[in-house]
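Copied over from TrEMBL:
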type	residues	note
TRANSMEM	B:17-39	transmembrane segment
DOMAIN	B:40-556	domain 'Cytochrome oxidase subunit I profile'
TRANSMEM	B:60-80	transmembrane segment
TRANSMEM	B:100-125	transmembrane segment
TRANSMEM	B:137-160	transmembrane segment
TRANSMEM	B:273-296	transmembrane segment
TRANSMEM	B:308-327	transmembrane segment
TRANSMEM	B:333-359	transmembrane segment
TRANSMEM	B:380-402	transmembrane segment
TRANSMEM	B:414-438	transmembrane segment
TRANSMEM	B:490-510	transmembrane segment
TRANSMEM	B:585-604	transmembrane segment
TRANSMEM	B:610-627	transmembrane segment
């Protein structure tokens, strides 16, 4: 009757977005191109399945019960107004969710611990330092000594260790097809392991609100073969202009800029950003990136 | 020191929306003043409402204020959905959009959901436990007026000084002076602060009321489940609200006095704010959902003509939820880079809290099982709640899987999830409660036909609005962006979502119509028990007299009123003839209202950092408190004759 109409309608409405989006949109989270994203997609699908075990019976039971026990004079179904207790039934539905939880807890723990390590260990990782600014992304390659703004090139097949900080309000660094996000915070150096297994251009975005220009903080991630990546690095080194502190300070001003490429950047620029924003209160700077402000003279 | 804000900061210029709001607020104010004056209602307003300490009237004022705030928050939502309906629209500029999502969130949680819950608590709890009022009626009035003026302070920011724009969570450093020098964030901090004092007092008030003022014979395990849910909520409020109060105070000290609690430098730590905010924020979501659970328990039982299935389980699960609510806060920021151990702990604790919630769903189903289900409006909302909350809860469990959350976090998947549990849970629950207790509040039923229209439109609109948002999350759309391009394929789903929002807007209009129509034509409730209820509030006439119970009832076991009715039917009901006694009753007082006005003045002064004005306001508050402490004549006795007269009139025996 009226109620069954409610549910058919509800289901139809639920279906509409799926049908429509099949035409235009891309479910990038469910189409990962690297091991981290794969692992997370696996968990997403697994948990969807596990919760469906509870949710679908609930909805079916609800429809059945409302229909079977509706209050009409002709209804001959059993009526037990004072029945309010059944130990066995209650044990079942305290028990089933507990079992499901144990399953999920196991897989969650396993993944959480796995994701703080490099996705593959037989290949040498590359480190890229990421700074979120108002409202742009700065990428620095400490090994190559080059820098880019609003796009980042990475070698496919190699684990990338992104070291994240912010020289502006807290943001979040997210490349859905490579894997989940992590916050960029002033004075903190956060580590995020990602890896692309296929070459291609991927969508990257800021995910934590930072004010007026936040909606425009999207960037391209371009995964290239190792050879192409090296060619690109050499090209940048040869042709690009160097970044100095004046340029950095201009970049730091709130505003939007286009993609930019720099053939070098001031030594320890990333570490200085960290320190300036209170980094000396934390000991979270990953190994190999420690920086002692007293060393500036020496490195010069 | 030169004051930071001058009069020139006062009025916002140049925005047609704000100009429109200015004009309509002006017109509305003039009209209200005119109507009150023309009908000579000023005295009535003051004597009957502004100074009342009667929990039922305070409850009604909460309802009115909450529905107004629902309107304001809803308009915010519609503006946002209009801006996002298609790519690259310019309905709102970035800064304006940012202000609107900030006020939308703050208003909906703190000034819509909270007062609706307080409304239900106020209207129902004393009646349900056989009490004549709450434990501290005067404090109760203070709570209401602090909430009200807190809400007004926040709303004022739209036309004066500029609204907060750092999101309803107000994370530093974005909400710090460095990035947010305007008075907007001060409005946010002080509005939450002022209404927060009221909320805390309400928590204390109802904890004491429930523990100390139950009628003779009502043991804890005899209490109706709504009362249990309010007990659980009150405990949560008492433990959680001091945290937000302190957090907001620290943020205010940063902004006002140049402290460095949450700044990036000088030893400040923004992460501390985020932790503190959610140590309050997570219990807060259970504060707004538990009373809804209580309402659903009452409604399923009454409209299935059955006792609640698994009463003990229901109580245990609510108490477990209110305990575990404190151990899940980190799941709001798994991506902040806590260690793997920390993230795993909070992921698992979040999954655990889903267990008692799931159990409750099964118990509601079994309450309906082998009953006789009447599809009245309150029951419809309850039935709609179950699948909606099951799905919303399920996506909540998905979000608790920390590594998967790295992908969902801050995306539209998250937005869809929490709107589904907050609308499908809290809002539907409060609609169920409002329609269920409406006859008790006002003495007439709401029109079912219009109610059904509103119900269907709400549901259709809801699914159309939020199901696409789950999908948008998987497509990489993040929250709080004011615009997007054609390139990502987000346009069709956003358009559907916006259409859904409009349908919900129309549904709200139907509810307004429903109320307006029913005031005039609604079925009058002459029995006091229009739904064939189970609990004590239905033993009273509708609306109940100010002292509630002429003679305090004595109960034996659960569903006291149902048992009485059964005994009457069997013919073995013995009415104990108890002599009426004069009833001790608190006098009305203008102090809660005046005190809150002073709080408002102080809040406004500190918002603009005009210290003289802030100090003046606080001085007023202090004077109110002192005056009150020297008032000795605060109560009186209602005479037996008056009780007799009132009862005779109410029960139609004249």
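For all residues, glycine too, the Cβ spot is worked out from N, Cα and C.
Computed from a predicted structure; not experimentally measured.
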Could you tell me what the rest of the chain brings near the transmembrane segment (B:273-296), counting residues at least six beyond its ends with Cβ under 8 Å?
109, 113-114, 117, 120-121, 169-172, 224-230, 232-233, 236-237, 239-241, 243-244, 246-247, 250-251, 261-262, 318, 321-322, 325-326, 328-333, 336, 360, 364, 382, 385, 418, 421-422, 425-426, 428-430, 432-433, 436
What stretch in B:100-125, B:137-160, B:308-327, B:380-402, B:610-627 has the biggest tally of Cβ pairs under 8 Å against the transmembrane segment (B:60-80)?
B:100-125
Before we move on, state whether the transmembrane segment (B:137-160) and the transmembrane segment (B:308-327) share at least 3 Cβ pairs under 8 Å, counting only pairs 6 or more apart in sequence.
no
Restricting attention to the domain 'Cytochrome oxidase subunit I profile' (B:40-556), give the mean pLDDT.
95
Tertiary contacts of the transmembrane segment (B:414-438), as residues 6+ beyond its ends and Cβ separation under 8 Å:
63, 108-109, 113, 116-117, 119-120, 123-124, 285, 288-289, 291-293, 295-296, 298-299, 302, 376-379, 381-382, 384-385, 388-389, 391-393, 395-396, 399, 408, 444-446, 451, 458, 462, 465-467, 469-470, 472-473, 479, 511, 531, 537
Distant-in-sequence neighbours of the transmembrane segment (B:380-402), which means Cβ under 8 A and at least six residues beyond its ends:
292, 295-296, 299-300, 303, 331, 334, 343-344, 346-347, 350-351, 354, 357-358, 361, 364-365, 408, 413-414, 416-418, 420-421, 423-425, 428-429, 431-432, 435, 451-452, 455, 458-459, 462, 470
